[in-house]
Amino acid sequence: MLIRAMTSHYRRHPLQLLALALMIVVATMLWTGVSVLTGQARESLAVSEESVAAREAVVRADGQPVTVEDFVTLRRAGVCVAPWLETALGDPARRVIGIDPLAMACFDVPPAGDSAVGVAGELTGDPFVDISEVTGGSGRAEQSGQLSLLISPDTEFLPEGYQRRSFQLGPATGELADSFLLNLDALSLLVLFITGLLVRSVYHLGLAQRRSSFALLERFGVTKSRLQRLLAMELTLLTLICVVPGVWLGQALANRLGQGFGLALDSLFDLSLYAGEDTPVPWQAGLVMLVLVLGVCLVDRLIPERTGYQSKPSEPAVLPWWVWALMVAIGVEMVIWAFSLVWVFVGTALVFTGIGGLMPGLLARSADAVARRQSPGAPLGRWRYRELAVMFRQLALPVVALQFAMATVLAVQALVTTFEDTFEQWLAQRLSAELYVEIPESASAEGGSRTLADLNGLGDWHHVRRGKVQLPDINAEGEPVTTDLMALSPITSLVTDWTLLESVEEPWTALSSGGVMVNEQLARRQGLSLGQRLTVGIGSASLTMPVVGVYADYGRPAAELLIDGAGLPDDFTPSFQSFSVNPGERSVKDIGQRLKDEWQVADLVIRDNASIQALASQVFQQTFLLTRAISVLTLVLASLSLLVMGWVFFSTRSWYFHLLGIWGLQPDAVRAQLRRLALLLTSGVTLVALPLGVWLTWVLVSRINPLAFGWSLPMAVYPGFWVELGVVMALIGLVIAWLIGRQLNGQVSLRPGASLAGGGER
Amino acid sequence: MSKIRTLMLLVITLMLAACSELSGNQGFAGLAASVDNTSDDEFLQPGPGDPLTFPGDFGPHPQHRIEWWYLTANLETAEGEPLGLQWTQFRQAIKPRPADAVAPPPENWPLEAAWMAHAAVSFDGQHQFAERLARGDVGHAGATFAPLQVWLDDWLLSEPSTGEPWRLTVEADGWGYDLQLANTSERVAHGDNGFSAKSFDGQGSMYFSLTDLDISGTVTMDGTTHQVRGKGWFDREWSSQLLKTGQQGWDWFALHLDDGHKLMAFRLREDEGGRDFRSGTWIAPDGTATSLGPDQIELSGEGWRESETGRVPERFRLQIPDAELDIEVVAPEGQYWNAGLYPYWESPVTVEGSHTGVGYMELTGYSK
């Protein structure tokens, strides 16, 4: 009997039960989708990165290219090496890598069949093909590239006559990827937070409407504690029922979104790098959602003074406004001045909490103020803004949740777009030359420079020297700091097009005249600014140079300074040298041959930067697709909850809307008023979400990144996307108005009791 | 580091899968499930009447699909503690090569045969195992008979010069061994002068053994080098099909009995409803070998030893009425899985019952 009484409300208002169930299903779907997509993004990125990441190879000390005989010599000496032969194969040519999978078995991997295999799905055979396919062993070879011998990172011993050398297929992108994933994690948590708020708001809306039922049951002798237990059981049951389809839908959605991603990634390398296939059902996401739903909805039961359904839980502003405002102020200060990530997160949480407490009241007061300013001759305008004020007060929690959701969507969009732009720019700068030629240790760089300078028709080129230098006076403890040096000569258009973060007038001329540029990491760590004179110990010399520019350097954490190679002292010994070359009218083969002749070597490492850039940017672009998917999912949930909340709440006010007709408004005019009211509500939420979204973007790119990695991303806003978001919100407003309009036409609303969702306020 | 390992693992696993010739149901050298010959199979099939030729048969047989060089040893440390040891090198051809054909040039990285080497040491409750893989014809794995050399990377079985004891060196991750092997008896040809039937239908392999190897040397484990000495058993076997359809795996035993007899016995297990195929060789102390047919051997497993890799019978009852032999073959406590690409059980055993002794037991087809 009691259970029948408890559930009588939902029997009378099945739509409310449906709305709550729908919210839990959609919220679970969102969180599951986000969890799966984030996991997939992480795995895909890891696998993608591995395909271009640095490894080590063995080379001959005499500079001759390694051969199969070297492979056998090394293996018979107990050294774990494996062949790696990259070449183009087929028509149209596709990039393939010939490997010997049997030889690779010594790379200290667990036995085949280990569960670690599962995460990355299947390799289709490309780009990794058996090495016999690219050498003629299978009779299918068309052309062969240069053999490399990868060495296991665990191998320490090398026989005489061999050396290790880094073996890299692409630029080091690890830091950029790590940063991206950190932000992705932060956003996922934010999504969870927003989801909790939305579910809580829908649940408490329903709870408020059942207050009279509960009061009646109490009068029949049902104790409050028993009622609370039953409510908890009801919610647990409902959540359990809804979480299952939510998890399933979330996984299906993520897989569907991911399949597009996977297909795009496949085309990159003829390789299945997508990690989402055969993902196990993410029941842990369902468990998280169960805990979250029960937590956010039942937390009031744990606080005796706030006895659940008897209060008005949709009004969070139990504290005076100045407390919320203080919270925002402290949070903002913390984010600005924090020295560690933890405090940035705490500050951000404070700002969000403070805004959440302030915003409903602020919006309601604003609506009231506008209502008061309406002329007496415009009663409908006055009614509309008063009605809006009531809605902002009664829908406080969902309004705040929607604001947060939209802010998150804005931040995600800005972040992803910024990452893409930055990554492209950085890659383009770092790989501006078409070719990269490694200068062998035994070779004369000067001879190579003369050879290149004498080649008619050659495009721009420069000589890169890397090494270590000391900054003697810069450390606060008075200890010299060793840092990386990159010296370029001559300074050409290969670098003069770089986008510098800060620079003096004519920075590259200033560099050639004895200036120094520093990367962002060095500038931040040592507090360097333009014009500051920097003393650098290079070789035996000590040079004092003005800082003429600060450049972005996203690939690695190390501090670095850049000078014109012409200013290097004679006794500087570079640890690594290379040429970056645009071939111009010359062929790659011709350039390579000239340098081989000059250096008297048979083997030369020449890298095609264009294909590396294309590879790296394609890999990352596909990963960005996943973040966009998360953004879309968040927007879907926010929109759906707005729709449900708006519809339910507008329904509770239908008596007042009905009165408009009684006052003499034609049905069309009533519907027009409803449309304007709904549009005001959704556009109001959108407007207050914009500054929060921009601020959140700033926190992500300008605070979290520098603290985590030592460099910031450029801050950018995208007003075009704001308009898109506004249009979506407006559409939702129109749908709500249309639904309510239909409802008003179909029935005569009863005047609501005071218990209905607090909707009795007038 | 772990990412690199994962990638490498992926590459290995999936490339192995991609090399259809190596995968399918065949496993490696019959260590996984069986496959039937196809009508267009160009591999040479051994049969009754095929001769053994020496020293050539110590070398590879590229016309056959599978073969192995296999050593087991029941040794003792200087302190008298038992130590079991195994070394096997397998060759599995992807396509046959006529006897007079020239091997393809190594720089083509041909994929006509794959090699796999296994080494294991069982001592003091521990079972150390290592696996090496290689492609043939490149040079880092192979075998020759004059002089005898069987190698894969830096693992090497060799005969320094004719008539001298062989040397076997294995260096694995944190353990290894360096042994001298002196043969003290005649070769034993199993089955019909070396053709050892493996089913009632006539499939089989060429199979001979050196059953009395005096072994001495060192075994290093956990940073301790042990002087070891004891008896070893060396097998050479080649075929083009070891298991026929319906056969699950084999239970194989090589035993040194204390009265001087030696026994090789095996059972090829059939799927449910099928009739197991049993065979063996009873070797007298003077070296006289008597082949044992399916009806002359009774073999049954008793109890199960469970592990995550699979479960194997804990002990076997082995009866040969004609030799008045009724024994139980028991593995010591512990797990003796060779957990490589194709896991199988390889353990030293002790013999109880009508006879006593030691030996080795290999059980395949039991892994999950």
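Glycine too: its Cβ is placed from the backbone N, Cα and C atoms.
Any TrEMBL annotation is an automated prediction that lacks curation.
Here is what TrEMBL records for this protein:
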TRANSMEM  A:186-208  transmembrane segment
DOMAIN    A:187-298  domain 'ABC3 transporter permease C-terminal'
TRANSMEM  A:229-249  transmembrane segment
TRANSMEM  A:281-299  transmembrane segment
TRANSMEM  A:319-339  transmembrane segment
TRANSMEM  A:345-364  transmembrane segment
TRANSMEM  A:395-416  transmembrane segment
TRANSMEM  A:629-650  transmembrane segment
DOMAIN    A:629-744  domain 'ABC3 transporter permease C-terminal'
TRANSMEM  A:677-701  transmembrane segment
TRANSMEM  A:721-741  transmembrane segment
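Taking H, G and I as helix, E and B as strand and the rest as coil, DSSP gives the domain 'ABC3 transporter permease C-terminal' (A:629-744) the counts 102 helix, 0 strand, 14 coil. Within the same chain, residues 2-3, 6-7, 17, 20-21, 24-29, 32, 203, 207, 281-283, 285-286, 289-290, 293-294, 297-298, 301, 308-309 sit at least 6 positions outside the transmembrane segment (A:229-249) and bring their C-beta atoms closer than 8 Å to a C-beta of that stretch.
Residues 183, 186, 335, 344, 348, 351-352, 355, 359, 363, 367, 384-385, 387-388, 391-392, 399, 402-411, 414-415, 418, 642, 646, 650, 712-715, 717, 722, 725-726, 729-730, 732-734, 736-737, 740 of the same chain lie 6 or more positions beyond the ends of the transmembrane segment (A:677-701) yet place their CB under 8 Å from a CB of it. Within its own chain, the transmembrane segment (A:319-339) is flanked in space by residues 346-358, 361-362, 699, 703, 707, which lie at least six positions past its ends and keep a Cβ under 8 Å from the stretch.
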